[in-house]
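Undergrad: Per Swiss-Prot, the features are:
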type: BINDING; residues: Gln88, Gly106, Glu107, Gly108, Lys109, Thr110, Asp495; note: ATP binding site
type: BINDING; residues: Cys926, Cys928, Cys937, His938; note: Zn(2+) binding site
type: COMPBIAS; residues: 902-914; note: compositional bias 'Basic and acidic residues'
type: REGION; residues: 892-945; note: region 'Disordered'
Amino acid sequence: MFNYVLKKVLGTKNERELKRLRPLVARVAELEPRMKALRDEDFPRLVAEWKQQVREKGRTLDDVMPEAFALVREAGVRALGMRHFDVQLIGGAVLHSGKIAEMKTGEGKTLVATLPCVLNALSGRGVHVVTVNDYLARRDAEWMGRLYRFCGLSTGVIVHGLTDRERQQAYGSDITYGQNNEFGFDYLRDNMKFRLQDYVQGELNFAIVDEVDSILIDEARTPLIISGPSDESSELYARVNAVIPSMIRDQDFTVDEKSRTIVMTDAGVEKMEKKLSVQNLYAPEEIETLHHVEQALRAHHIYRNEVDYVVKEGEVLIVDEFTGRLMPGRRWSDGLHQAVEAKEGVKIEAENQTLATISFQNYFRMYSKLAGMTGTADTEAEEFAKTYNIDVVVIPTNQKNVRKDAEDVVYKTEGEKFDALCTEIEQRHGTGQPVLVGTVSVAKSEVVSALLKRRGVPHSVLNAKHHQREAEIVAQAGRKGAVTISTNMAGRGTDIILGGNAEMMAKHEVGPEPDAPMEGEEEQAFLERKADWAKRLEQALEKLKAQTAAEHEEVVKLGGLHIVGTERHESRRIDNQLRGRAGRQGDPGSSIFYLSLEDELMRIFGSDRIQGLMGRMGMKDGEQIEHPWLTKAIEGAQKKVEAHNFDIRKNLLEYDDVMNQQRRSIYRLRRMVLGFGAGVPVVEYEEDPKTRKKTRHEQVFTWADAGEHMLDLVEDLVVEMVGASCPSRVADWDLEGLSANIREQFGVEMKFTPPVGRPQEARRALEEQVFNVVEKLYRAKEEELGKDPEGIPVLRRWEQYLYLQAIDQQWKDHLLSMDHLRQGIGLRGYGQKDPKQEYKKEGYEMFVQMTWRVKSAVIGNLLRLQLVRQETAEELEAKRLAMQRKALQRITASHAESAGDGDAKPAPKQETVVRQHPKVGRNDPCPCGSGKKYKKCHGATEAAV
């Protein structure tokens, strides 16, 4: 009651946020006459002035915001013929403040993004606009690029298939558009490279995520994985697959469709053991066979052809469950993809080993500032707040929404439902009203298509099998009499304009734009052909604009676009997205969902409550029921699924957070090693755990730093080895064992006498003694190898080469070990232990051991290094680049099925710190004034890995 009164008096949080931004809109309106008076050439000049003020004179972006927004509004009019509405200015301010702007379909999100993009580009640190597919990235970069170029800013686009040089150029632009996976994979690929100069991505400063719910929530259940071929044989997949058909459901195994898992019964285990000639499937040596059996059962009984995947040209291609699009290049992990290939009788590809992985949550949380926009985020506001620490602000529409949403209609069987919805589509088509039919899978879209064909209703189908003309089909879905069947949210990001999209129709009529001279064609002839194409396009556009305007009026009179949902999705948000395709910009529209008790959502999550409601309403075969109670019960089922999926994502994040700390530590070390002598600043971020504030550090590492770092590694190894052989009780000291370990690690013979005095001092003396001997060996090796023509000790270059080799090999093995730990950790729950805590603890111990192996390998190999002939710096560089090419050729980038993790927050504004003083030597006094040596004071806390 108290909260209700407060809301009445103070307004909701959303209302207060909108009220706070109203003065900005008024200020931009005041500046509009001044901007209108500018000449075209004044726009880039003003932007350049603001850039200088922000970078050199300390002017903040918030100070510049009113002027910048007013400039962009006028630039939109001149470059695009589009003026930002007041509500779009509010949306731009929300994005700039690092929040999510919920804006309904057709409200111009693409144009809204130009406001914070231009403003944040003034910092010179880059702006990334993240889209759901390559088509939208290209379209938006080209379309909005006209506005950016008008303001003197450069635009790049990141899509599949670009070379590293092209990617570097795109990321070097003021504003970079790109597909979400490409950004994540570029980050992982960069951290597998062997020269800092080859990195493409640069700083993660500010990201605006378009369709933010799709990217940060729907796709967050599956991490990005870069993998390479492993030595596993595919023979076992085929052998197991051959015996799976003999397994009987509910007798030999049970299926939990909700969690997509399968559990074998005792009878099933016994049957499998006989069929595979195995004594005990649960014996340690047969765990791999058991895993293959479980994955084969899932492939046969959970993963369905034309729903979860399609088989195309002898290849199993995953279907995106949220968009219905095919995802070529992506493979399920953990042997599941191979099991599906065996089931479908296609070639079984070799299983891959993970080389690098990151979740979307942890990738996007690395940005200094993160914002997003979508038509449907409010239902997931809690998850955005908990996982990303981002608020959702609902932006009012420019014109009132007049769409009519009918209550759900429910039938007993799927057949009755399809029959009824096809009758409705036929009737609407008869009047000329356009209809968009939303389905949840490829198979269901083809069922509806077949039924409409039988009735003689012309229609277009848009699913994973027919996606080539996606944008064109969706853009024309608003034409008179059009019937379009679409899986889920295919075509999202393309507006459905009543009467048709004149621009798309003109391009289709005229044909593609000439992009290169034909064979033997002179440049002048090519330019003339291009000019002729532009002229014909303009003529077609003029003609079609008049035609579509007249058709628009007719369609409006018929009631606008009618949406027919064939099934409720497991998320309310996806249903809202489908409904949101109708009623854009104040246009009329309507929507209705046809459901049946056989639908997946009702069957798995609907429980007996909905069945009971139907019984009480006295439902008969072929009869439909509409009731608000029923709609509420279905919404309750959806909330259950949303909560279940949130738990999965939270789980993924909690596990990935463990890996995230380790990944960042290893990548930081790797960048430092690459930085030795590179002359390129290495940028790192230090986060205050309390305030979440990030401080930006720039540091240039010299070849001298490399030598110091190697001695730090020697000291770490010596302290560890002495500590292991010399515990607190002198009686337990194993000096012979210490001698053997030193011989094995450093290749030097040392004899030790029993200690005299206190154990702690004796241990320190031993450490000093061993360190001095190894340091002499190291200096001798440096002298022995001499210097290259540039005056750099040859040992330095070999240190870098061997260090990178050790890091990459050990990290790859560590990822495999962590995978195995993750797969088996759930069993700890049976021993009354928390699996997550156990994973954190053991994962940390494994990481410490891995870093020890890296140090041991580097120093051991360095001290044993014998050069048959002196290699030049160029030869070493060539060897390093060959290593990089070989590694990158063998990798596969994919989404993998996984489980995962928790609370994440984007960082506040960063500060830059550039080191002004020289690097402090290991044995120099610590600058803090403690009187201790640097290596024993602050040097200990700053030591890498």
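Every residue, even glycine, has its Cβ placed from backbone N, Cα and C.
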Undergrad: Taking the binding-site residues one at a time (Glu107, Asp495), which has its Cβ surrounded by the most other Cβ atoms within 10 Å?
TA: Glu107
Undergrad: Excluding near sequence neighbours, so keeping only residues 6 or more apart in the same chain, what lies with its CB under 8 A of Gln88 (ATP binding site)?
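TA: Looking at Cβ-Cβ distances below 8 Å from Gln88 (ATP binding site), excluding near sequence neighbours, one finds Glu107, Gly108, Leu111, Val112, Leu115, Asn398.
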Undergrad: Max Cα-Cα distance in Å among Gln88, Gly106, Glu107, Gly108, Lys109, Thr110, Asp495, the residues listed as binding ATP?
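TA: Greatest Cα separation within the listed binding residues comes to 17 Å.
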Undergrad: With Cβ-Cβ distance below 8 Å and at least 6 positions apart along the chain, what are the contacts of Thr110 (ATP binding site)? List them in sequence order.
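TA: Once residues fewer than 6 apart are set aside, Thr110 (ATP binding site) is near Asp140, Trp143, Met144, Asp210.
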Undergrad: Tell me the Cβ neighbour count for Gly106 (ATP binding site), meaning other Cβ atoms within 10 Å of its Cβ, over all protein chains shown.
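TA: I get 22 for this one.
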Undergrad: Long-range neighbours only, meaning 6 or more apart in sequence with Cβ under 8 Å: which ones does Lys109 (ATP binding site) have?
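TA: In sequence order, Gly91, Ala101, Met103, Asp210, Met373, Thr374, Gly375 meet the Cβ cut-off.
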Undergrad: Just counting, how many other CB atoms are there within 10 A of the CB of Gly108 (ATP binding site)?
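TA: Cβ-Cβ neighbours of Gly108 (ATP binding site) within 10 Å number 20.
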